[in-house]
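> Please read through the structure below; I'll follow up with questions.
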Amino acid sequence: MTIGSIKLVKEKKSRKSKQPVVDDHSPLLPKQDGGFDEFNGASFSGAVFNLSTTIVGAGIMALPATMKVLGLIPGIIMIILMAFLTEASIELLIRFSRTSKSVSYGGLMGDAFGKYGKMLLQICILINNIGVLVVYMIIIGDVLSGTTSSGTHHAGVLEGWFGAHWWNGRFFVLLVTTLGVFAPLACLKRIDSLRYTSALSVALAVVFLVVTVGITIFKLINGSILMPRLLPDFYDVASFLKLFTVVPVLVTAYICHYNVHSIENELEDSRQIRAVVQSALALCSSVFVLTSIFGFLLFGDATLDDVLANFDADLGIPFGSLLNDVVRVSYAAHLMLVFPIVFYPLRLNLDGLVFPSARPLTLDNLRFALISGGLIAIIFLGANFIPSIWDAFQFTGATAAVCIGFIFPAAVTLRDRYGIATKRDKILCTFMIVLAVFSNMVAIYSDAYALIKKNSSPRE
């Protein structure tokens, strides 16, 4: 069951008139009794909602920490720049997919670089999505059980309510959440079955943002917030190199490329896909900018890698403790409900990579259960042993995410099998590759330098 094996006989304006031909290994449109007979196509607003849900996940929690590294002005500029680069890379994917008649990202990579190109994409999606889901679990553990940063313990919601007990420790809470929430939702075989949980997850994310903005505005009015740092503060080589560590985090925050084709395939009018992408990116960028600004304003240089962990102290406002819990619980619940949306393509790509010639996954219950259980176990272990979301974002953002978001679309464009790339396209793609490779190499070097320096420092 490989990605990109679906081929449409011909493109038409409306989904109602499309007649897809699907082989036995199609992962995007697995064999179902109903097929397309009763589905007339997704609406524009529904497509924007689905793509926005793909984008807004755990990445938003690390964005206030990028303001702490870059300063407010460069941080906002970088968020907006990354949105434009993401839109440009997705536009290239869509344009070249239509020319090659590919209806998936994997199909496009296979058309441009053969089966090894498709396999490389599948591996990158595995790394990226496992990393993202590990981050989800880390944040949920931070929120419910607490976290320790720089020797300071930040109490979780359950610890604050009931005190410290074995049953509200990190390992046990994540185990119960995995078995009680993640596993049942991950067992659903159709992504359409998750539409209601997705809607609720977006509403919970909005609750988080509204409460955070409200708290910050209240504290601005009563004068209890200091002026934030507008520009980066660097004083040696290590602090300068640290500026580049935000690039993988920003890249990961915008990765949605692996879901663009499936959303386009469901649109009633597939010509709307570019407007869908632009609308979703505009919406998510607004949320990212607001969260970054108000999160950094609220906590300043005390902002943690996971800003939710900051909501454990007295905010100095009426009902502060209640609002702390509302913010943390609402976003933890949001991540629980978004988890299966990211897990779905993860399972599909692993199956396509390991069992490329097998029958559709939805028809093999044993294979479905083994793959689902194995992936959930890996994610659970990762969340218990990886120390922070910044570390997870650094790894996935500097490796798989940058390939999915920029390097692969640019490589397809520069390969230009059909001679449709313009000079501007090639210049843009060269810029994206150079920026991605340089920034991520410096980010990796900076992390390694800091780790070596820390380990080589004399212990007192």
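We count from 1, first residue shown onward.
Even glycines carry a Cβ here, placed using N, Cα and C.
Automated prediction, rather than curation, is the source of TrEMBL annotations.
Feature table excerpt (TrEMBL):
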{"type": "TRANSMEM", "residues": "41-63", "note": "transmembrane segment"}
{"type": "DOMAIN", "residues": "42-446", "note": "domain 'Amino acid transporter transmembrane'"}
{"type": "TRANSMEM", "residues": "69-94", "note": "transmembrane segment"}
{"type": "TRANSMEM", "residues": "119-140", "note": "transmembrane segment"}
{"type": "TRANSMEM", "residues": "171-188", "note": "transmembrane segment"}
{"type": "TRANSMEM", "residues": "200-221", "note": "transmembrane segment"}
{"type": "TRANSMEM", "residues": "241-260", "note": "transmembrane segment"}
{"type": "TRANSMEM", "residues": "280-299", "note": "transmembrane segment"}
{"type": "TRANSMEM", "residues": "329-346", "note": "transmembrane segment"}
{"type": "TRANSMEM", "residues": "366-386", "note": "transmembrane segment"}
{"type": "TRANSMEM", "residues": "392-415", "note": "transmembrane segment"}
{"type": "TRANSMEM", "residues": "427-452", "note": "transmembrane segment"}
> Cβ pairs under 8 Å only, please: of the recorded stretches 200-221, 280-299, 329-346, which one is richest in them relative to the transmembrane segment (69-94)?
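By the under-8 Å Cβ criterion, the transmembrane segment (69-94) pairs most with 280-299.
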> Would you kindly check 171-188, 200-221, 366-386 and say which stretch has the most C-beta pairs under 8 angstroms to the transmembrane segment (119-140)?
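Between the stretches 171-188, 200-221, 366-386, 366-386 has the largest tally.
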> How about long-range neighbours of the transmembrane segment (329-346): same chain, 6 or more residues beyond its ends, C-beta under 8 Å?
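Long-range Cβ neighbours of the transmembrane segment (329-346): 53-54, 57-58, 61, 125-126, 129-130, 132-133, 136, 139-140, 143-144, 157, 177, 181-182, 185-186, 188, 191, 194, 197-198, 200-202, 204-205, 207-208, 211, 258-259, 308, 375-376.
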> What residues elsewhere in the chain lie close to the transmembrane segment (171-188), defined as a C-beta under 8 angstroms and at least 6 residues from its ends?
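The answer is 137, 140-141, 144-145, 156, 158, 194, 197, 336-337, 339-340, 343, 347, 372-373, 376, 380, 383-384.
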